[in-house]
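Comments concern the structure below.
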Amino acid sequence: MKLLEERILKDGHILGDNILKVDSFLTHQVDFSLMREIGKVFAEKFATTGITKVVTIEASGIAPAVFTAEALNVPMIFAKKAKNITMNEGILTAQVYSFTKQVTSTVSIAEKFLSPEDKVLIIDDFLANGQAAKGLIQIIEQAGATVQAIGIVIEKSFQDGRDLLEKAGYPVLSLARLDCFENGQVVFKEADL
């Protein structure tokens, strides 16, 4: 997605060898017009696949997921990273390791929001090592629902997340694919959408 790549080049900041900071439009402050375009692109790609739910993980996946769900006219569910007192029964959980935060969290979704009839599109902000998507897949499959595809806003192609997910049989479609960081600049691979 050319618009996204241009925004990454303009406002993204490289930290160290493998972290891209995009807090001015995705991971802290949200550019809703860009998120709306992201949602439209994902929705156009998956419009004929029978998607019934969009699922993401809090927090930075929520914005692109909600705009995708809006464009598809289906509900969006986000997995919570912390259990609260209102989630006391009927909870589907999985362990997820965060590459950026370097911690493992138990993420959860109330089972009443997913059913065996659901065809789910996972949307997330980043794909690095694939652990967030893997955790969401586990939760979705615990409910008996089907993962149709995984939509990623920014993929770190130099990490093994895509390979892990595709080898397990899940299609991955990314709007921006980072090949590497070179001389303080992002180098892109050809994106899927």
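Here the Cβ of each residue, glycine as well, is placed from N, Cα and C on the backbone.
Neighbour list (Leu20 (xanthine binding site), Cβ cut-off 8 Å, at least 6 residues apart, same chain): Ile8, Gly12, His13, Ile14, Ile154, Lys156, Leu178, Phe181, Val186. According to DSSP, Leu20 (xanthine binding site) is assigned to a strand segment. The xanthine binding site annotation in Swiss-Prot covers Leu20, Thr27, Lys156 and is backed by sequence analysis.
As annotated by Swiss-Prot, 5-phospho-alpha-D-ribose 1-diphosphate binding site applies to Ala128, Asn129, Gly130, Gln131, Ala132. Counting Cβ atoms from all protein chains shown, Gln131 (5-phospho-alpha-D-ribose 1-diphosphate binding site) has 18 others lying within 10 Å of its own Cβ.
By the criterion of other Cβ atoms within 10 Å of the residue's own Cβ, the least surrounded of the binding-site residues Thr27, Ala128, Asn129, Ala132 is Asn129. For Lys156 (xanthine binding site), the Cβ neighbour count at a 10 Å cut-off comes to 24, with all displayed protein chains included. Between the alpha carbons (Cα) of Gly130 (5-phospho-alpha-D-ribose 1-diphosphate binding site) and Thr27 (xanthine binding site) lies a span of roughly 18 Å.
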